[in-house]
Amino acid sequence: MTCSGEGPGNLALAIYGFRHVERQYEAAGIHWEVRTIRDRLSLGHCTLPVYRNPDAPVVAVAAPTGKSKKKVVVKEQLEPRVELFDADDHKYEKYLMKLDPNDTKNQDHYKVLGLKKLRWEATAEEIRIAYRQKVLKHHPDKKKHAGIPLPAGEDFFTCITKANEQLGMSEAKRRAYDSVDPKYSDDLPNEKEVNAKNFYELLGPVFAENGRFSIPQPVPLLGDESSSREDVEEFYSFWFNWNTWREYSYDDEQDKEKGEDRWERREMEKANKVERERRRKEEIKRISNLVHMAHNKDPRISKFKKEEAEAKEKAKEERARLRREKQEAEELEKRKAEEAVAAQKREEAAKENAAKLEEKRQKDAAKQANKAQKKRLEGLCEAGNYWTTDSKEKLAAMERFDRLTFLLNTDEIGELCDQIEKIKLDAPAVNRLIQDAEDEKNRARTAAETASRANKENTTTKEAEIVLWTDEEILLLTKAANLYPAGTIDRWIVIADYVNEHRKGQTTPKKTEKQVIKQTKLVQTGQAKPTAASQNKLGAPLPDEENWSAKEHSALEAALKKYPASDPERWEKVATEVPGRTKKDCIKRFKYVAQLIKNQKK
């Protein structure tokens, strides 16, 4: 189709086959945005600022946020970097002519599309633009239309198509190729060559290059010596928990699509998975070695450890200082307390010495007073001619005088002296007064000794009356009381003999009939508890044993025979069979009869 004339209308008619019509654009609105985006996409232009493509390259800008000073990544979308595309010249065509269309797997897809400089950094938009440029120039129909002869048997455009299918059609296929990109090197720096001086220059680019395979984005960079501890810890925490999308399906040795049947394809896929897993583990080990090498060689880690050690040492010294101060304060407080106790003891000792001295002084004064009263009494006796010339009587009088002064205290001696002075002083009067005083003192002493002897005898009698019963003896008493019920001839004598005969300890005195009766009453009243082996109080009737008539007892026996023990509702049914009795009454009667039978067997 040809078109004569010039102008935009004729050109549009020649290209699109219709007359050019000027489009009218609205100022804003969803309809305008949709049409604008569609037109820009159809022409291969950038959709900014109407539509932000998430696959477009971004620029990371770190901005502080408030007091936390955390880095926030702000993404800015860029225009397609067409200027970085490879030149489509004679050299490029010569490269395409050398490619083997039957071996597209081993070709450099980025170089085929002219993205050798961008490679994995190329966006989907840039790949699409590059492919469109190659199609417009190297498509066989275009060359045929332009009159360019095609080499016989060479279909190098297939290489361009395969490169676009691998990179531009599917994100999974592109990642598979990027994982084994021939221009990417897995080599790591030698650990011996890394030191504090070249640490950042050697390892910084390595981490930045390997960060392309990380699933979480953006990837924290190595930083420099001015990086904060939080940034360094965040960096190593990220790389120690490495999560990658790198996989090796592109290098599968066996193509399962070439399998003849399902079984063969399955076996091929198994072999491929084994090889992928092996390479994946090697990749994880490689990254782990890189991170551990960086962590060991990082001068910042050494600095942080040194600072931490210094902080710990400082904290340790501070704790030691506080502990020392606390100990000194405790020792000071202890010394003060000891001094206070010593002062108190000295004061108490001084008071005690003063009390002892006062007591000694009082005793000395009492002795002097007693001695003076004795001397006074002796003078009165001499004045009253108490001492006779007869040696025997004089000896008896002297013994009586000494005994009386020994029995009487100072005040009593003084009273006696006053009485002697009031009466006429003669030998019989003095003798009579002395004899009366001695007799009165003897009577008082005899009464006190009698009362003390009586109290002692009462205490001994009470102790003798107390009889100790052991648990074994109480058990034997319970058993004997059940064996020999009321009505047995000489029942208490028989029970006492049974207890004395069957008890193990024979060292204590034997229990008498009165003691057995007394202990039985104590057990029955609850003042002495029988052992757990006894089923009821000694000889006491069981509850309800005389309240059942013969008819009720017969009904109970018939109901017990009718309803077996395995029935969970046995006692409810038994109670319905016995008129006028509850479930509790039936159970008590059953226990009483069972205990009665057991006692008869014993």
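Every residue gets a Cβ built from N, Cα and C, even glycine.
Where the annotation comes from TrEMBL, it is an automatic prediction and has not been curated.
What you are looking at is a predicted structure, and each value in this text was computed from that prediction instead of being measured.
Feature annotation from TrEMBL assigns domain 'J' to 108-181. Taking the domain 'J' (108-181) as a whole, pLDDT averages 83 in the prediction.
Across the compositional bias 'Basic and acidic residues' (297-366), DSSP assigns 69 helix, 0 strand, 1 coil. For 297-366, the entry in TrEMBL reads compositional bias 'Basic and acidic residues'.
Marked as region 'Disordered' by TrEMBL: 297-371 (among others).
Under the heading coiled coil, TrEMBL lists 420-457.
Marked as region 'Disordered' by TrEMBL: 521-549 (among others).
Taken from TrEMBL, the feature domain 'Myb-like' covers 540-594.
Taken from TrEMBL, the feature domain 'HTH myb-type' covers 547-598.
Across the domain 'Myb-like' (540-594), DSSP assigns 33 helix, 0 strand, 22 coil.
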